[in-house]
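> Pasting in a structure now, in structure tokens, and then I'll have a few things to ask.
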Amino acid sequence: MSRYFLLACTLALQCVAASQEDYIVKDLPGLSNIPAVVRPVMHAGHLEIDEEHNTELFFWRFQNPKNNGTHQTLHRNELIVWLNGGPGCSSMDGAMMETGPLRVSDKLEVELNPGSWTQVADILFVDQPAGTGFSYTDSYDTELKQAAQHFWQFLKTYYQLFPEDRTKKLYLAGESYAGQYIPYFAKEIIENNSLNISLEGLLIGNGWIDPDIQSLSYVPFSLEAGFLDRQSPSMAQVLKQHEKCQQAIDDPSNHDFEKVECVKIFHSILAASRDETKPAKEQCVNMYDYRKHDYFPACGSNWPEGLPTVTKFLNLDAVQKALNLKSAKRWHECDGKVEFFFQPEHSVKSFDLLPKLLEKMKIALFAGDKDIICNHKSIEMVIEKLQITPGQFGFTNSRKSGWIYDGQEVGEVETQSNLTYIKVFNSSHMVPYDLPEVSRGLFDIITNSIEKRSTDIVTPVYDSRGNYKFVEEKQDTDQNEEEEKEKPPKHHHSLTFYVAEVAILAVLAYLLYSFYKSFAKSRKSAFLSLSSKKKKKQVHWFDESDIGMDQEAGEADHKPKSMLESVFNKLGYGGQYDTVQDGRDIEMAPVEEHEDQFIIQSDEEEFGHR
């Protein structure tokens with residue numbers, strides 16, 4: 001679309017309306033099976049942002065059908081822009097597997113997503129940086145500032161095409177490497193807001209915000225999650241790599257956006273946790289969801305499970321025609337060329353942008369608790385070092401609440417000033433993929449469309465028409481009555497049984513007393529003993545001043561003082577590493593910014609943050 005055509009459109013509303021008609025998505029396989037009353041209104045296609053370099057970004061816009069009850073009550077006039085990460089991973093992941101209104105069936109037909117975020121707002125998915133997904137260019141972005149400028153140019157062109165959206169409250173949302181994009185894009189909008197856009201808030205899920213802080217979460221998180229065995233022969237190598245990462249961070253001459261030494265921690269953990277006794281496809285833990293497994297060294301690159309179906313669907317000729325592509329393009333989830341060129345060397349990390357942004361808008365950081373690569377512990381470590389208000393770092397006067405959805409506790413929420421942290425239970429790197437209906441509550445939380453209880457918050461349950469209700473507690477009265485009926489009658493034991501029971505309790509009490517005495521004077525050690533040599537570790541998760549660490553402490557051979565302690569030693573817990581509950585004491589030096597953690601070698605090897 002030429003600049004002259006766009007200029008003409010700004011002068012003639014009829015022209016704008018006509019141009020919108022060209023972007024309507026009129027049909028998709030299976031769309032006719034969805035009732036018209038709940039069928040989303042869709043526009044899609046390319047917008048030119050740089051004619052000289054043949055740069056056009058692809059978008060897919062979803063609107064909820066008119067007269068939706070939710071839009072008239074809880075939510076009014078709101079627009080979400082959703083961005084996936086990478087760098088170089090398509091936001092069609094979000095559209096077709098996460099927050100969009102459609103899913104793809106095994107028949108390669110669309111069907112409704114019961115957890116669509118269009119129940120709470122209109123939503124716009126953008127493939128960026130240029131070259132990602134269906135977008136294309138002759139000149140790839142290399143820096144975050146450059147990507148932000150291109151995104152701002154896209155928004156200006158988009159608002160010319162859809163001027164009615166300029167009055168909507170804007171929220172930027174996304175996951176993973178979007179933890180870099182979103183703060184940069186918000187800053188660009190604020191500094192160049194000639195359109196008077198009302199940017200209300202940011203939502204970042206399992207975000208990659210500060211590579212240095214977050215890389216140091218991998219070892220403690222992996223141990224706490226249980227997929228890394230502290231008894232593993234490879235544990236020494238993992239800890240050695242952790243130490244190298246810490247040294248690289250502390251090195252004032254190392255200005256790398258992301259330190260190679262820190263990237264290697266992650267790879268060493270995947271190698272150390274490999275189980276070669278299992279079938280090949282189950283040997284490696286899934287880096288995006290440690291409940292699942294994959295081939296080694298893919299370790300999650302074959303996830304999510306719905307990706308092959310979505311890939312086939314988006315590469316159908318009929319689908320690409322319906323999406324108004326200017327020319328056919330083979331869709332890949334992640335583009336290797338984009339990742340290869342996007343190597344920020346002159347950008348500060350997005351962590352450094354957050355304090356100023358928090359002065360102007362609400363920011364929600366959410367994390368699925370089963371992710372490894374951008375795990376919840378790493379987000380908590382980022383928050384501890386983040387200036388939330390001038391002079392205040394981390395949560396100091398926050399309130400933690402349980403999050404209730406449809407009568408179930410689905411997470412924890414902590415808020416102070418404009419910052420909210422949400423830990424989502426039983427979910428992966430892609431929270432909306434696992435829990436679509438629950439995830440919609442993330443937007444309810446940032447917009448305060450909730451009900452509060454004494455210790456909990458409750459987010460609404462929506463139906464397909466947008467009607468909603470708040471369900472604080474599930475009523476399972478009938479089920480409880482059935483369970484009560486099925487209980488066997490109580491059995492009354494003889495006097496001999498009770499005498500024996502008292503004797504057993506007495507023995508247990510003696511063993512516990514012995515256990516207490518043997519451990520009363522024992523010291524905690526921040527690291528697993530790697531050898532009998534008395535060598536103090538340079539990398540630690542406790543400050544030495546806090547625990548009185550010296551070279552002699554905790555390194556002498558420990559002899560069991562009781563039968564119960566012997567059992568603990570046999571199980572591998574005697575005198576071993578004590579996990580640390582937070583990352584406050586990790587020594588950090590000022591660091592630079594970040595690119596993606598994993599190199600994509602080619603279009604076929606799609607591996608990295610999403």
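Here the Cβ of each residue, glycine as well, is placed from N, Cα and C on the backbone.
Swiss-Prot lists these features:
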type     : residues : note
SIGNAL   : 1-18     : signal peptide
CARBOHYD : ASN68    : N-linked glycosylation site
ACT_SITE : SER176   : active site
CARBOHYD : ASN192   : N-linked glycosylation site
CARBOHYD : ASN196   : N-linked glycosylation site
ACT_SITE : ASP371   : active site
CARBOHYD : ASN418   : N-linked glycosylation site
CARBOHYD : ASN426   : N-linked glycosylation site
ACT_SITE : HIS429   : active site
REGION   : 469-491  : region 'Disordered'
TOPO_DOM : 516-610  : topological domain 'Cytoplasmic'
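Help me see these features in their spatial surroundings.
Taken residue by residue with DSSP, ASN192 (N-linked glycosylation site) is part of neither helix nor strand, so it is coil. Cβ contacts within 10 Å of ASN192 (N-linked glycosylation site), excluding its own Cβ and spanning all protein chains shown: 15.
The DSSP secondary structure for ASP371 (active site) is coil.
A coil conformation is recorded for ASN418 (N-linked glycosylation site) in the three-state DSSP classification, outside any helix or strand. Long-range Cβ proximity for ASN418 (N-linked glycosylation site), meaning a same-chain Cβ under 8 A and a gap of 6 or more residues, is found for LEU358, GLU359, MET361, LYS362, ILE363, ILE388.
Its Cβ taken as reference, ASN426 (N-linked glycosylation site) is surrounded by 14 other Cβ atoms within 10 Å in the chains shown.
There are 28 other Cβ atoms within 10 Å of the Cβ belonging to HIS429 (active site).
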> Please report the distance from the Cα of HIS429 (active site) to the Cα of ASP371 (active site), rounded to the nearest angstrom.
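HIS429 (active site) to ASP371 (active site), Cα-Cα distance: 5 Å.
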> I need the least crowded one of these recorded positions (SER176, ASN196), counting other C-beta atoms within 10 angstroms of each C-beta.
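Minimum Cβ neighbour count within 10 Å, taken over the recorded positions SER176, ASN196, occurs at ASN196.
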> Roughly how many angstrom lie between the C-alpha atoms of ASN426 (N-linked glycosylation site) and ASP371 (active site)?
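Computed Cα spacing between ASN426 (N-linked glycosylation site) and ASP371 (active site) is 10 Å.
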> Average the per-residue pLDDT over the topological domain 'Cytoplasmic' (516-610) and send me the rounded value.
37
> When the Cα-Cα distance from SER176 (active site) is computed for each of the recorded positions ASN192, ASN196, ASP371, which gives the smallest value?
ASP371
> Same-chain residues six or more away whose CB lies under 8 A from the CB of ASP371 (active site)?
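Non-local contacts for ASP371 (active site): ASN206, TYR288, ASP289, TYR290, SER427, SER428, HIS429.
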